[in-house]
Amino acid sequence: MNKIKETSGSVASILLKIAAQAVIGQFTYTKFPLPVVVLALLLVIFLFFISLYKKDYFSFLMQLFICNHYTYGYEIGGTFNLAATIALVAYLLNYGSSYFAETSLKKPILLLTVIFLFIQCCSLIYSRTPTSLKISSAACLFNFFFLFYYASKIQLDADKYIKIIQVTGIYFCFMFVNALNQRYEYFLSPFDFFPNVGPNATWELDIPRAAGTLGNFEYYAEYSISLIALCLPGVLSGSYSKVSKKFMFFCIGLLGLALLAIVLSGTRSSILLLPFLVILTIFLLAKRTSFKNLAIGAAGVTLFFIINSIHTIVDFSIFTKRSEEVDMKHVTLESVMSGKDMNRGEIFAYGFEKMQKANLFLGEGFFTNRNQYVITHFDKIDPNGIPDYHNLYMSAVVLWGYLGALILIFFFFFSLYRGFRLYFKLKKQDFFLVDLLLGFNLLFLFFMVNQFKIQFIRDANYFMLTLILLAFYNSLIHLLSKKVVVIPTQQIKFYENSSTTHNL
């Protein structure tokens, strides 16, 4: 690998590029004149390319990650994904890939990715859809994994993982403000980068819900509990305070906002999973759990609920109202698995029927075009506007056959196996990256549980964002598998007077 030093932009410069792309990106919609669309797309491409040109690959990665919190161009694989690929290909053609690090993905993942993409192509060949849709759908899926592969080749160190939390957290604060406006309708936003839920939105039990910029209520809740999973281990152990006190308080603030975000989304499952997440975190931290931090956190939550009961700050009644429709006395594992007690009864039944007809090696193919995506699941356009089964495991079998579904799910469970195995080797280490590894382990563990009632393959932005998180996860496993991890002393004051390395 070429030893020319890779640069890393500041948090402020990364956020500035992201803000510019989010604002400019809204002008790529076809409702604008063609010259405006072309100019906007070129500017977005330029902002990606300039990061690559400066060898600031981390900024490129964070731009791609945060921009995928928007749904621009999801039917064509995502505007930002298209722009990032054009910029990356242009860079590779001019400067080559010698400055990138080795991939953090293991060979089995790379081999199975090739097989998975081959299954997609074969499934599309046998599909009855127009050729143009087949080509565009294959190109979109190939593009997701092309970007995923290069994301895994961007070297991440301790300093960059701190920045990942900072950039993601700051954007989450912006998204929380957006969610508040969606829930309480303070004003009607004229901008797509600060979206409304839409004038034609219909609410279950007439209860407004928020989705932030993600465009999906359940996805917003899943994302929020994922952020809790990342921050909680380091807060409970106190290791994040060794990065800096500001970083510790920042993560504590994110925990509170993420909890409120779940409430704004009105998603019961995430609230129900939250106690299990907390208990499992304490159990896995074991002796490294700071009972002082745990007691302070419990006292803070208790105080909030006492104040909230006296003067309503947050309305939790949305969960009780939505749960009234469920007969808790007759809830069984079978009724949950069938979808009957998850508001999924009819679509789960259809999904099970389609699974029985599914092929072992081929499916019906994955499409980013929404109408074709719906037809693939239901054989027609659903009049209720339901796009899929709300279940990754069912949809994956229908789209890629049993083998393809197994490969897709293996990507995640193989990473979880590696992540938990490494954590149990390092769990006695009082080091913030070890706690962050536990956070990623918990994130993807609960993510796979959540995929029983939602699916990340529905939208291009959701798909790509998930793959980037998976790249972050595998890169952290790769980093901590080394015997020595370099500590960025300019960022982590705790280590300034000791050493610039941490032995594992």
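Cβ coordinates are placed from backbone N, Cα and C, and glycine is handled just like the others.
Residues annotated as transmembrane segment in TrEMBL: 32-50, 80-97, 109-127, 133-152, 164-181, 247-264, 270-286, 293-314, 397-419, 431-449, 461-480. TrEMBL lists 255-409 with the feature domain 'O-antigen ligase-related'.
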Segment proximity, the transmembrane segment (133-152) to the transmembrane segment (461-480), 3 or more C-beta pairs under 8 Å: yes
Integer average pLDDT (0 to 100) for the domain 'O-antigen ligase-related' (255-409): 82
Cβ pairs under 8 Å between the transmembrane segment (133-152) and the transmembrane segment (80-97), at least three: yes
